[in-house]
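Structure record follows, encoded as structure tokens.
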Amino acid sequence: MRKHSLDRWLLTAVLVVLLSSSSSFAAKKDAKKKKKSNKEVTYDGTSLIIDGKRELLYSGSIHYPRSTPEMWPSIIKRAKQGGLNTIQTYVFWNVHEPQQGKFNFSGRADLVKFIKLIQKNGMYVTLRLGPFIQAEWTHGGLPYWLREVPGIFFRTDNKQFKEHTERYVRMILDKMKEERLFASQGGPIILGQIENEYSAVQRAYKQDGLNYIKWASNLVDSMKLGIPWVMCKQNDAPDPMINACNGRHCGDTFPGPNRENKPSLWTENWTTQFRVFGDPPTQRSVEDIAYSVARFFSKNGTHVNYYMYHGGTNFGRTSAHYVTTRYYDDAPLDEYGLEKEPKYGHLKHLHNALNLCKKPLLWGQPKTEKPGKDTEIRYYEQPGTKTCAAFLANNNTEAAETIKFKGREYVIAPRSISILPDCKTVVYNTAQIVSQHTSRNFMKSKKANKKFDFKVFTETLPSKLEGNSYIPVELYGLTKDKTDYGWYTTSFKVHKNHLPTKKGVKTFVRIASLGHALHAWLNGEYLGSGHGSHEEKSFVFQKQVTLKAGENHLVMLGVLTGFPDSGSYMEHRYTGPRGISILGLTSGTLDLTESSKWGNKIGMEGEKLGIHTEEGLKKVEWKKFTGKAPGLTWYQTYFDAPESVSAATIRMHGMGKGLIWVNGEGVGRYWQSFLSPLGQPTQIEYHIPRSFLKPKKNLLVIFEEEPNVKPELMDFAIVNRDTVCSYVGENYTPSVRHWTRKKDQVQAITDNVSLTATLKCSGTKKIAAVEFASFGNPIGVCGNFTLGTCNAPVSKQVIEKHCLGKAECVIPVNKSTFQQDKKDSCKNVVKMLAVQVKCGRGKKN
């Protein structure tokens with residue numbers, strides 16, 4: 001028995017040792033693996049250094065709350081395919097802590113999920129923490145409750161603001177650390193930003209502003225997270241913060257890093273101009289963007305971020321004052337996440353060209369030559385080697401210029417830069433687009449646009465409301481960001497002897513408002529509405545009225561279009577009606593601001609009851625819409641989801657101003673009655689993400705402020721970019737895709753490097769029709785080409801032969817392809833090839 005016991009004991013001991021050794025080996029292996037995945041991020045005067053390697057960084061801003069989690073994977077994937085290796089995002093304090101101490105990291109607020117998706121795609125992350133972000137986002141990302149902290153002043157050396165900011169900053173960064181998302185932990189976050197464009201307000205706070213910036217710098221630096229930190233538009237950023245540039249042309253406007261050991265970083269290269277209600281269409285050409293990026297990299301830049309790369313949607317009430325629901329739609333990826341060509345493709349080619357220059361840019365010695373008034377040569381080379389890259393710039397906006405460099409002559413197009421990754425071969429020119437173009441189409445849905453059965457519920461105009469103020473309550477403080485709407489009521493008496501009797505003398509109500517909009521009623525009669533604009537928020541509403549002897553009752557509805565998102569002393573910004581008077585009385589002007597008490601309440605009854613949801617619908621009595629309704633009316637109907645899987649929109653034809661919900665989800669604010677100088681609404685289509693929709697019986701609820709609208713004119717549409725074009729000149733540089741870099745030499749991938757035009761349909765679609773083709777001097781843009789005075793007659797025939805029925809086609813751009821009889825009726829014309837095709841799925845489309 002003792003022997004058997006001893007044997008068992010020995011066996012157990014051996015097993016313990018073996019298991020212990022195995023566990024120890026596994027632990028060491030895991031530790032080694034973890035250590036290997038951790039990346040140290042440092043920097044010097046040339047670039048960021050990630051895991052010991054210098055990097056050129058092409059980054060794009062994508063904001064997680066401005067798209068849905070279902071959209072994130074495709075948006076991030078397309079960003080990577082566009083040549084980006086980094087995604088930049090703000091962190092939105094008022095999204096994550098809408099109420100003090102109550103946090104939200106779910107749905108569109110799931111920051112961790114968003115960052116992990118970026119990591120899954122093998123990309124880096126730049127985290128712009130705030131606390132203030134601007135971003136055309138309501139209140140600049142600061143939560144409303146912060147305004148009500150006693151004694152607080154935002155963004156300065158203020159105890160209360162710093163205490164709340166530190167708590168927020170530590171909460172976010174601790175969360176990132178817990179999820180091991182910093183590069184030093186093996187995560188994708190390589191760079192952080194604290195504060196945002198502070199120099200714009202610093203002067204207002206004097207020494208307190210300087211103290212605050214130093215405090216913010218010390219706060220993030222003290223957390224020792226293993227990543228560098230930047231401050232944008234902050235040339236005096238304290239060490240170790242890296243001062244970075246924001247703007248359109250940082251290659252010319254950025255004074256450079258404030259220390260020799262800091263790299264040149266560009267945190268915002270604006271891809272377009274954000275739009276506000278009342279704006280006409282605006283755009284920034286991709287040629288200008290490409291020129292600015294090439295120039296920045298030619299002048300020691302090693303990081304650029306496109307703001308925005310995908311703008312997305314300001315869902316619900318999240319936009320800043322007057323900002324449209326659609327955000328940065330002209331970015332390389334449009335509001336729906338579709339590739340906007342040629343902006344997407346031309347920048348992708350730029351990134352390819354810069355990558356061919358990577359070694360010279362990061363390790364070469366910079367040199368500059370100025371051969372002419374409008375020309376410049378910047379190049380990087382390593383003496384004694386073949387490593388060399390050059391940027392030949394022509395700043396003449398009217399004419400091409402010839403530049404002689406290293407024994408060769410190069411013709412450079414007007415206001416452009418040619419990139420030579422070996423100082424010999426031109427692989428890219430910023431003004432010569434060889435990538436395809438697209439035109440976006442909104443196709444009326446057959447499935448969703450069945451006859452709508454609208455039902456309506458109209459808000460009741462309040463009578464006398466409780467209140468003791470002789471001055472109308474400030475509207476931001478009244479609504480507390482719970483609603484866009486605040487009611488004001490007052491009563492005033494007019495003696496019959498004070499009513500005008502003289503012919504031509506009339507009485508008027510005048511309301512001076514600080515913004516944003518208002519509606520007014522006198523004695524139950526609707527007087528009308530007024531509004532300011534993004535540039536001029538204050539306005540005066542004046543209307544002729546009929547007063548009665550005795551008591552008169554005035555009702556005003558103050559309307560917000562979002563909170564301000566910029567400027568100093570934001571916590572003291574005011575809006576809403578401020579001065580109200582009655583003009584035309586024989587006794588003189590009656591100032592209701594001083595002589596009457598004002599009652600208040602906030603919001604619509606429908607909002608409080610949640611009648612934009614299925615559950616809330618039952619709480620009020622809906623009536624059938626008979627074709628006409630007053631203002632402040634709710635409209636509801638049901639619709640089936642639009643066909644296909646394409647992005648869906650609602651077009652708000654016939655409507656005025658208000659809010660949209662689908663299945664309880666806030667689509668955003670619309671404002672069709674605020675026309676641009678072109679006589680059109682700034683935004684017509686409003687994005688309904690597919691994740692908001694069910695196959696059938698989707699609830700549409702609209703709150704409309706204005707009377708006599710026509711909801712029957714609204715419709716649903718699906719979005720595509722099935723109109724695909726090319727516009728290539730015969731003297732253009734062939735695509736950079738022909739080139740690669742091997743053993744420090746730029747080499748052609750193919751035997752024949754020739755100029756071609758490429759047309760490619762999205763998904764599984766194929767080219768179904770050639771809608772336009774001309775080799776000559778055609779004019780116009782994709783979606784609207786016309787023939788010029790010169791055209792090869794066989795142009796369409798050639799394109800049809802190359803392209804019909806194919807998902808992708810490549811067309812040689814040369815005279816021999818289009819002038820098969822070798823006759824050229826316009827020899828002195830430099831030929832352009834313009835092609836427009838339609839993609840589809842045949843009869844099933």
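Keep in mind that glycine also has a Cβ here, set from the backbone N, Cα and C atoms.
Summarising the annotation, Swiss-Prot assigns active site, proton donor to Glu197. Around the Cβ of Glu197 (active site, proton donor), the same chain contributes Gln134, Cys232, Lys233, Gln234, Asn246, each under 8 angstroms and 6 or more positions distant in sequence.
Taken from Swiss-Prot, the feature active site, nucleophile covers Glu268, and the record attributes it to sequence analysis. In three-state terms derived from DSSP, Glu268 (active site, nucleophile) belongs to an extended strand segment.
Per Swiss-Prot, domain 'SUEL-type lectin' is recorded for 751-840, and the stated evidence type is sequence analysis.
The secondary structure of Asn104 (N-linked glycosylation site), as reduced to three states from DSSP, is coil rather than helix or strand. Per Swiss-Prot, the feature N-linked glycosylation site maps to Asn104 (among others).
Taken from Swiss-Prot, the feature N-linked glycosylation site covers Asn269 (among others), and the record attributes it to sequence analysis.
What Swiss-Prot lists as N-linked glycosylation site is Asn300 (among others). Within 10 Å of the C-beta atom of Asn300 (N-linked glycosylation site) sit 18 other C-beta atoms, taking all shown protein chains into account.
Under the heading N-linked glycosylation site, Swiss-Prot lists Asn395 (among others), citing sequence analysis as support. The Cβ neighbour count for Asn395 (N-linked glycosylation site), using a 10 Å radius over every protein chain in view, is 18. Classification of Asn395 (N-linked glycosylation site) by DSSP places it in coil, neither helical nor stranded.
In the three-state DSSP assignment, the secondary structure recorded for Asn752 (N-linked glycosylation site) is coil. Asn752 (N-linked glycosylation site) is surrounded by 8 other CB atoms, counting those within 10 A of its CB over all protein chains shown. For Asn752 (among others), the entry in Swiss-Prot reads N-linked glycosylation site.
Annotation comment: Swiss-Prot describes Asn784 (among others) as N-linked glycosylation site, evidence class sequence analysis. Cβ-based neighbour count (10 Å, all protein chains) for Asn784 (N-linked glycosylation site) stands at 11.
Using a 10 Å Cβ-Cβ cutoff, Asn814 (N-linked glycosylation site) registers 15 neighbours. Per Swiss-Prot, N-linked glycosylation site is recorded for Asn814 (among others), and the stated evidence type is sequence analysis.
Residues or ranges marked as signal peptide in Swiss-Prot (evidence: sequence analysis): 1-26.
For the glycosylation sites shown (Asn104, Asn269), fewest C-beta neighbours within 10 angstroms: Asn104.
Other C-beta atoms found within 10 angstroms of the C-beta of Glu268 (active site, nucleophile) number 23, with every protein chain shown included. You'll find the Cα of Asn395 (N-linked glycosylation site) roughly 19 Å from the Cα of Asn300 (N-linked glycosylation site). Taking CA atoms as the reference points, Asn269 (N-linked glycosylation site) and Asn784 (N-linked glycosylation site) are 29 Å apart.
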